[in-house]
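Peer 1: Below is the structure I would like to discuss, written out as structure tokens.
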């Protein structure tokens, strides 16, 4: 017992390193390594630099969106329209190609469409006070619907050859443009969330939006920026995906919103907001990419893969709880 | 701590965890066996020992007051009693036989029920459904027997003289009536032990009187009552026995008739607390804040006042008189429809709390848990939240500076916490309030608005907050204090504005500043004059 009058309160009781060791991210990293080892034992083709490089295309585009989505979910909101934003942005770029636009214009259109869609979601949620899950289920249908009306069963093709660099180009050796962009964005979002005042505001809003407002945080402005960022990331993903496929159909990226949310939740972000990290999302992206690729090498059909991903998500989330139940 | 404990008291009275001492002095007519006995109860949480071998005895037909500062372990023992927490060690005896309450339902079935400070009922259900939820009468098909449920609800409500429609949705009732529903629920399960956790905290004087009558009736029916309260006048009025907790340990117990108020206070805090409000001799300086004709479409109308450096301006009124709404409009939470707020003679355009904070006006809200503290974030991050511009460099966090800033104010406010990295949610109410005040002081404000700053906090923390307010005023800070506690308003304020139904009812200062004058103006009693 210490003397209450002369009590010194330490900054921390648990060092950041000790906390890291017990964290979700560490557990997830162990899972990723286990899957890596299992894959390399299961298939002789797995441990090949070019094969592994190909594998990263399974997650880079989704992960770009997942970074912004992680911030949005930590703040207590969600955006389910991201895949439809890809469809609309890709359709807009495809239409521009028919009109003879060059690569710089296409990139501008892709980013602009993403930002505009993000702004629509942001205004509906922050200005009109509507719940984001309802708003973005609505815009999910709306954005893809526009794309279907514009395209029907047609396909936009004929993208300029230099546009192909975003989805097919390599910066150096096996490191594709997408992989490098993914790495840069991981650092940017990691710094934004963990090292800036903006990131702190995101956590505060996610834990208690009322107290955050009473503490002088411009809650609606922060949320609006997060919707803009999510839209922008969807635009970037649309550029990469369209470039990689070389064509646009209205069904492009169908169902991706759930894979993005799965990646974020697998990364340890609380679906109710308030906690989560970017390193967690990065590891989750690798886990999902490795699983998809490994099962692909073993010729497992796509539907089985989605079953596997679903079990993985539930399993990884249930594991810590089961662990404490057994010990308790 | 062991040095402080009971130093000023006869050790045999308050060290003895059993009732031997009390039993020696109990008059014959109240001698009886306790219905519920807790012995050697210990409960630890990561990093904190919430209860350490405490004992508690509840007697049929008697009210036992449980007193202690915030963080003394009162809420923890209630949760142990009601089956929400399992003790690490110790025994619970019901009629002398050892029992355990593995679930809340087990405690209910044993006849123990709790009425909480903020009543835990279901807003969307009707009064009758709330009374019988979990044990509704059934038809032989196993469906709820609605006519029977209604009949029994009316019967129980009649027994406590509650004039409530059993079919009315609970959300349409005020807090006092919700308490009545909770009590009716206790009667419906024929509770032998009723725990009341600060039941009068949110009630008006008239409602409190009605609650006392009800407590008397429960006593007469032979029920054992555990009454938790911070208000000494009510403890002395209705309790037969007392138990004092301090820092999770038993500090004393016995009969109310054997103890004085100052002895109880000493047991609670381990030292004597000065009830006198801090002396303030410095005259207020020049004018800082001027509010002119501030109006809101529904909450308040045409309010004007000024505030000077070093002044404490009290706002008194009944609940719902528009005081908090006025303060929230000044702070930018809600928008006033007309009127101006100026600081140092310059009109402010406050559209959001961020603007008010930038101008130097800060607000400590009444609802700590919802509006004050960001539970889930550590202490230091709560404190630096509005000051991040000050601690960061070009928008990038500097943790060392944040810890340093937090430490300055935490030490000044004598916060009790395990570390600055601890979640504020794990702190007691009084310590959470200190974190919220520290958060605002770190912004170096000109005007601080405190809304019910000592509501629900213990007497030791209360005195600390009062002393601290006086200190801030002496340093030249302009202070507005909204309070419903008359002693606090009279003891701390230089001037008082009384509000009634959204209007300014009176401005009072000097010799006119008496409890009677305030109450008359607040209630609008005829003949009230300045």
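Placed from the backbone N, Cα and C atoms, the Cβ positions cover glycine too.
Nobody curates TrEMBL annotations by hand; they come from automatic prediction.
Annotations for this protein, taken from TrEMBL, read as follows:
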type: TRANSMEM; residues: A:27-47; note: transmembrane segment
type: TRANSMEM; residues: A:67-93; note: transmembrane segment
type: TRANSMEM; residues: A:105-125; note: transmembrane segment
type: TRANSMEM; residues: A:132-150; note: transmembrane segment
type: TRANSMEM; residues: A:170-192; note: transmembrane segment
type: TRANSMEM; residues: A:224-246; note: transmembrane segment
type: TRANSMEM; residues: A:252-273; note: transmembrane segment
type: TRANSMEM; residues: A:303-323; note: transmembrane segment
Peer 1: Thinking of Cβ pairs under 8 Å, which stretch from A:132-150, A:170-192, A:224-246, A:303-323 has the most of them with the transmembrane segment (A:252-273)?
Peer 2: A:303-323
Peer 1: In the same chain, which residue numbers or ranges, 6 or more beyond the ends of the transmembrane segment (A:132-150), come under 8 angstroms Cβ to Cβ?
Peer 2: 77-81, 83-85, 87-88, 90-91, 95, 117, 120-121, 124-125, 250, 257
Peer 1: With the transmembrane segment (A:224-246) as the reference, which stretch in A:27-47, A:67-93, A:105-125, A:170-192 has the largest tally of C-beta pairs below 8 Å?
Peer 2: A:105-125
Peer 1: Same chain, outside the transmembrane segment (A:67-93) by at least 6, Cβ under 8 Å from its Cβ: which residues?
Peer 2: 101, 106, 109-110, 113-114, 117-118, 121, 125, 132-133, 136-137, 139-144, 146-147, 150-151, 156, 159, 185-186, 189, 192-193, 199, 202-203, 205-206, 209, 222-223, 226-227, 229-235, 237-239, 241-242, 248, 250-257, 260-261, 264-265, 267, 269-276, 278, 281
